[in-house]
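Here is what TrEMBL records for this protein:
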- 10-351: domain 'K+ potassium transporter integral membrane' (DOMAIN)
- 362-591: domain 'K+ potassium transporter C-terminal' (DOMAIN)
- 461-482: region 'Disordered' (REGION)
- 1-17: signal peptide (SIGNAL)
- 27-45: transmembrane segment (TRANSMEM)
- 52-76: transmembrane segment (TRANSMEM)
- 126-147: transmembrane segment (TRANSMEM)
- 168-186: transmembrane segment (TRANSMEM)
- 221-243: transmembrane segment (TRANSMEM)
- 255-278: transmembrane segment (TRANSMEM)
- 285-304: transmembrane segment (TRANSMEM)
- 310-328: transmembrane segment (TRANSMEM)
Amino acid sequence: MMFTTCLIGSFLAAVSGVKVKISELHDNYVIMVSCVILVGLFSIQHHGTHRVAFLFAPVVATWLLCISSIGIYNIFHWNPKVYRALSPIYMAKFIKTTGIEGWLSLGGVVLSITGVETMFSNLGHFSALTIKIAFTCLVYPCLILAYMGEAAFLSRHHEDIQRSFYKAIPEAVFWPVFIVATFAAILRSQAVISATFSIISQCHALNCFPSVKIIHTSTRIYGQIYIPEVNWILMCFCLAITFGLRDTNMIGHAYGLAVTTVMFVTTCLMTLVILIVWKQGIIKALTCLLLFGSIELLYISACICKVPEGGWISLVLCFIFMCIMYTWNYGTMMKHQFDVENKVSMNRMLSMGPSLGMVRVPGVGLMYSNLASGFPAMFGHFVTNLPAFHEVLVFVCVKSVQVPHVSETERLLISRVNSKELGMFHCIVRYGYKDIQQEKYNFENKLISSIVQFVESEEESIEEPTHELSANDENSNVEDHGVSLSQNTFDKSCCEENLLPSSRALLVMMNGDNHPEKCFYEDESLQIMKAKEFGVTYILGHSLAKAKNSSSILKKFAIDVVFGFLSKNCRESDAVLDVPHTSLLEVGMTYYV
């Protein structure tokens, strides 16, 4: 909501400046021009931000220098003593003199700091240090000079309170500044749209937003993404609010309430970070909360009074998005809890095998589930109806961890399921909440290679104690001539069939076999590679969540209606995981949560 109102307010404030020179221009034309620019801006998003990013720095720098230069001119021309307003004493006198009216005016004063926070929403594109330096050394001084110049102009022209910014611009430079202001509004809106894509992507990674299509728009710069569904929905929201309100004051009230609320929530979350992450103690945490929270609550209290005058838009939209995000997160957690409670045990799988006549077919099967260990309920449902699965079966679990990025070397975590004869593995694919869950390389080759490396690492871990044991046996044979090598060989051959694969491999190496390809681990690696040659099948669940009959009406509405609607209209798992349709096998199942 904050981004939507910021985007609309930027356009309307920039375009409406033309009415200062063309007073007879109707408001409908201003709205129409703003909507045309909005549609054009959203229409070029699929080309990527790098198409307009090269203009961002020069245009915004030019804009900041323009408003600071005009501010300096107005200070010296209209009221050189306006610099005294930097003292907080005048703020206290203003509140004391005006009383309730001065307190209510804070709802409009807060708009002087809104818009600047969009710089920090672009942390996916720039580093934190870069933004701090730019804000401290350039943005903040320029804004202070601009506001001081506007205040100096208003001190001599009280009647020009409406559109005072454009009226304070000298006549000679009005049109150049107007053009720069329009371009700056477009580029500022581009930054807001890019930040929206980044936030939606991170919410999806944290299971707080339905699956959407995420497209990388740059091969060189990480984090520049495009989400088509979010792009067009955001455009529709902007057009609806622009056509519906047609008033920058109402949009400003909605924007002010959204921004101040976000600031206060950020302060509360920062307090938790100080306590839990930084472990700095409760005194420092409370100091931060009281210092910043008290100021923000003062502004929020003033903005709440503007709810009937446009602030209700922020509350309504925030409530809608909060319900969507909470319902999606709740439904996803309930499905995961169902999988955990109904996962199939190994004993049950082994007992089901003879009764079902279960067989193994050539190839590699990749079964995706939400469980990091054990057999998902979908697998039991699958083998019950189709008692056959692949020679090599890998249970793949895609997880988002609570870190921004996961390196490629730590992406895959391989483990074995029970004994080695089963040919089953678990693979946890880990992503950070800023990572894009769509691999650009061949995932099949990467996964099979990791499994083979895991098998070979098991071999290496057994080779070391085996060599030591072989050396000890050789020494004992030299010292004790009473031990017969033929008897040793006979014992090995008699017991070999009843030993585990690890024991068989141990005996092969003890026997001094010079052909390592005969080792079980070597055979298993070759079997995995041969199985891949038969093809890789992706087994995905096509699940439907249903609330239990004993559930409350609210839960039934949330799961059956809202979550069901979102599940049917969001992207399917095969599209999110970039699974080839020719290798896809879906297993239908109903979850009762």
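Placement of Cβ uses the backbone N, Cα and C atoms for every residue, glycine included.
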Paired segments the transmembrane segment (168-186) and the transmembrane segment (52-76) in contact, 3+ CB pairs under 8 A: yes
Chain residues in Cβ proximity to the transmembrane segment (310-328) (below 8 Å; excluding those fewer than six residues from its ends, i.e. six or more beyond): 1-2, 4-5, 203, 207-210, 237, 241, 245, 247, 249-258, 261, 303-304, 558, 562-563, 566
The transmembrane segment (27-45) and the transmembrane segment (255-278) contact flag, 3+ Cβ pairs under 8 angstroms: no
Intrachain residues whose Cβ lies under 8 Å of the transmembrane segment (285-304), provided they are six or more past its termini: 103-107, 110, 253, 256-257, 260-261, 263-264, 267-268, 270-272, 274-275, 311
